[in-house]
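Taken verbatim from TrEMBL:
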| type | residues | note |
| --- | --- | --- |
| TRANSMEM | A:25-48 | transmembrane segment |
| DOMAIN | A:83-291 | domain 'ABC transmembrane type-1' |
| TRANSMEM | A:87-108 | transmembrane segment |
| TRANSMEM | A:120-144 | transmembrane segment |
| TRANSMEM | A:164-188 | transmembrane segment |
| TRANSMEM | A:223-243 | transmembrane segment |
| TRANSMEM | A:270-294 | transmembrane segment |
Amino acid sequence: MSTSDHRLLDRLGGDYVDRETIEGLLFAAPYLIVFVVFLAVPLVYGLYMSFFEWNFLNPDQSEFVGLENYRTIIADGRFHTALLQTFYFVFLTVPAMTVLGVVMALGVNRGIKGTRFLQFAYFVPYVTTVSIVGLLWVQMYGANGVFTQYTAWLFGRVLSDTSLAMPGLALTTVWWQVGFFFAILLAARQSVPEHLYEAAKLDGAGTIRMTWDITIPQMKNSIIFCVIAGTILQFQVFGQPFVMTDGGPAGSTETAVFYLYELGFRTFDLGYGAAVGYVIMVILIAISLVNYYVIEETVN
Amino acid sequence: MSEITCTDVSKLYDPKGNSILAVDEVSLTIRDGEFLTIVGPSGSGKSTLLRMIAGLEDITDGEIRIGDRVVNDVPPQRRDVAMVFQNYALYPHMSVQKNMSYGLKLTTDLSTEEINQRVEETAEMMGIGDQLEKKPGSLSGGQQQRVATGRAIVRDPEVFLFDEPLSNLDAKLRMSMRTELQRLQEDLETTSVYVTHDQTEAMTMSDRIVIFDEGEIQQVGTPEEVYANPTNRFVADFIGSPSMNFATVEMEGNVLIGADFEYRVSDRIADRVREGDGGAELELGIRPEDVTVEAEPGDNRIPVTLDVVEHEGSDNYLYLVSEDVEWTVRVPGDRRPEEGSRLHLEFPESELHVFDRASGENLLAEETTEKPTAVTDGGRSAEE
């Protein structure tokens, strides 16, 4: 090939690559702009704030305190309790939602009558807002309202008992969000190829064996996804204690993000709040990383 | 090892009231240790029949026996059959070793050591001894096929069922696996039912072939029988590649009259045709390899024009046209007439087939070969 041919190709290739890059950037631009304006800037600004005793009314007069806010966190018992309670909430909700989601998906997949109705019924709470769900369950738990007489014997006064309030929020959350898990897990179950079950039948497997040896391993990736996404999501729980208990009784449902809200918007201790926010973010990143490696391990 | 007997077996699917008769009163006996191939076009019901033998489909009507046992209501896992699926159906999350040992673990009392030993022996036999720790996803198509076959063999079942097991392989691999499967079956002497749409597989591998169409058996016989003595037009057309030439004819006296040719037959043939028919429209059939191409016209020669010559290595295929018929003729590879030239086809009466156009029945079926097939009841039932 002659030199001029090379030049021609290079030029064509160069133009093509440039055009591709510009197109790619244009496609990504809407997200990038939103990301920078609403996430990257506040993130950096938050880090900056966390080194100050921030003056809410007059930011210019904020006092630089270095790592003082972070040192306070180490000794902040209320934050530690909130963190532990958050983990407790994750522990109460995620395994329950996963197991329940699997059971519901397997049940609906069996082709029983009314499958479509069940799919709808399981999913519909998920599209309801937390305020509606919260208010509904406050009534269910017998604090007051129309369901009291029917549910009081069952739930007593869950939300006013320090040891029952968090499980109460967890139950509400499971009811509210299990439909999302169910939808993902049903899709996973339905994508297991039928011929695997036929092969297993001929190999001598009964229904229970097939569930353990074929269905669950085949759904494994989706189950792991549910656990990870669920953990990250539930760790950020805020709406339920905000609507249903206001963190009470006696702080027993105060979660990490709820505490952050308290600091930021009730006591306006923005510098310290920013530091707490950063610690929560680091914990979430750590959980995500652990989960990521767990997935990598199990999938491979 | 066991004989399989199907008696008047039917399968009716009824999706939302639109009933489809996939298998229609099929009767068939697969002998102990036999390699029987069911061949037919897509949707002919051949796989459904196989799946009914496996127990993966309910039987709407009729009876299936494996050995002495009626298995209609016996679940698949208790039929002692092993199946190789078209897409292999290997468990993706299990290693090759686990794939092969799974059935043994569930259905036998063998110890883990014994199971492992059997799996290793079978894997060696299948040439996948060094792949045991791998997952199916990391194997080639050919290796996966071997695992699937090994998984069936290791269980030492009464019956092997193959559902188009080679159709996902490339042509070369398919050919070598064909030979391998054949050899394995001969060594193991296990009754085997093999479903395929590939007539070459059917012809090369089987002790006997069942030709299936529209849920019915068209013919049962050895590969030689169904090739030389097809009972009807469907079988004649389906078996053989390239397929048989057909031309619409009428018979006047001893002469078969086509659109632009006449072919005189002997009294013997003419009488056979008259016995089976009554002067209605007929179809003449002749295989491409039974036709010779001559330059000069003559008695019983059909004038044609050469359209296309196709090279197939040792052979050439000539595609020729007469007034309303396209003819295919196989000639030696060194013979290559000029395209567009005027030629004349000749073929011996002994290789001729004459079909009733309405019923498709081969009116000379018993005449053309020595051994008649076992088909009775107008070519539908094939119980032996």
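Using N, Cα and C of the backbone, Cβ positions are placed for all residues, glycine too.
Caution: TrEMBL annotation is automatic and unverified by curators.
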Contact call for the transmembrane segment (A:223-243) against the transmembrane segment (A:25-48), three or more Cβ pairs under 8 Å: no
Folded-back contacts onto the transmembrane segment (A:270-294), same chain, C-beta under 8 angstroms, at least six residues removed: 46-47, 49-54, 56, 62, 65, 69-70, 72-73, 79, 83, 224, 227-228, 231-232, 235-236, 256-257, 259-260, 263-264
Contact between the transmembrane segment (A:164-188) and the transmembrane segment (A:25-48) (3 or more Cβ pairs under 8 Å, separation 6+): no
Positions whose Cβ lies under 8 angstroms from the transmembrane segment (A:120-144), at least six residues beyond its ends: 104, 108, 151-152, 155-160, 168, 171-172, 175-180, 182-183, 239-240, 242-244
Positions on the same chain near the transmembrane segment (A:25-48), where near means CB under 8 A and six or more residues out: 274, 277-278
